[in-house]
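Undergrad: Pasting a structure here, questions to come.
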There are 2 protein chains.
Amino acid sequence: MEFASHMDRALHQARLAAGRGEVPVGAVLIAPDGSVLSEAGNRTRESCDPTAHAEILAIREACALLGQERLAGHDLYVTLEPCPMCAAAISFARIRRLYYGAADPKSGGVAHGARVFTHPQCHHAPEVYDGLAEAESAALLRAFFEARRG
Amino acid sequence: MEFASHMDRALHQARLAAGRGEVPVGAVLIAPDGSVLSEAGNRTRESCDPTAHAEILAIREACALLGQERLAGHDLYVTLEPCPMCAAAISFARIRRLYYGAADPKSGGVAHGARVFTHPQCHHAPEVYDGLAEAESAALLRAFFEARRG
């Protein structure tokens, strides 16, 4: 499958997550040479693991592949604003740039709520670029939650 | 090995972590009937996983054992104030009570910095009891970092 952009690829992971009955969020980790190192969608239900958010799974897989705890020079694309758990993991992994789609006023932890990257206790903050493919990312989530309520 | 308290058990896990060259933090998850469901120390280095904090490992193991994403009625004992990543995971897992030892002004996310449980974006906050076995918990960390600097 060809993707026009890394965010398209993350959206694909979000759609796959929706197909598994998971909250449709997708993430893609890009190596310094521009190649895709890992990609994931949410799997909290399937894995019975409240930490199995797309970002955490992509980071864990990338670190395992490289045999290291840190991903300096790597960039992360996510369809939704990361929650505080994922924002802190992004910081620990020393991710260089974070690109995300839809804002998450209800559960986000980057531009909302805990604003994890803004405190002195956050020892590394990535460059943050928001609003990429925002409409598609938000539409996926809206459709998922509407279907569950229906 | 007999432990006088759940926090003693968490301290034992922290000492085991130190022995592996990991930051000495330990966590123990207690089921509603008072039994130990899971216990862990940090393994970020060994596992090449920046998310492998004691709390995350204990929560993931407990959820896997029970086959569920949530641990309502369960209590977590940790030797150190959780970081924002672990605090958010504790919230997602619906942990009932959080007991912790030493405060962590440099990296904590409960009483310091992001203060994850204090925002409306945090949909569940545990009851928090701090300062248990504070001196032992802090001494372990101090010895570890002094040895590394030494």
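In case you wondered, yes, glycine gets a Cβ from its N, Cα and C as well.
Copying in the features that TrEMBL gives for the protein in this structure:
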- A:1-111: domain 'CMP/dCMP-type deaminase' (DOMAIN)
- A:His53, A:Cys83, A:Cys86: Zn(2+) binding site (BINDING)
- A:Glu55: active site, proton donor (ACT_SITE)
Undergrad: Per DSSP, how many helix, strand and coil residues does the domain 'CMP/dCMP-type deaminase' (A:1-111) have?
TA: 40 helix, 23 strand, 48 coil
Undergrad: For a quick check of packing: other C-beta atoms within 10 Å of the C-beta of A:His53 (Zn(2+) binding site), how many?
TA: 29
Undergrad: Roughly how many Å lie between the Cα atoms of A:Cys83 (Zn(2+) binding site) and A:Glu55 (active site, proton donor), rounded to a whole value?
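TA: Computed Cα spacing between A:Cys83 (Zn(2+) binding site) and A:Glu55 (active site, proton donor) is 10 Å.
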Undergrad: Do me a favour and check the Cα-Cα span between the residue listed as 'active site, proton donor' and A:Cys86 (Zn(2+) binding site); whole Å is fine.
TA: 6
Undergrad: Among the recorded positions A:His53, A:Glu55, A:Cys83, state which ones have a Cβ less than 8 Å from a Cβ of chain B, giving them in sequence order; state 'none' otherwise.
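TA: Near chain B: A:Cys83.
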Undergrad: So what's the average pLDDT for the domain 'CMP/dCMP-type deaminase' (A:1-111)?
TA: 97
Undergrad: Far apart in sequence but close in space: which same-chain residues, 6 or more away, have a Cβ under 8 Å from A:Cys86 (Zn(2+) binding site)?
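TA: Listed in sequence order, they are A:His53, A:Glu55, A:Ile56, A:Val78, A:Gly109.
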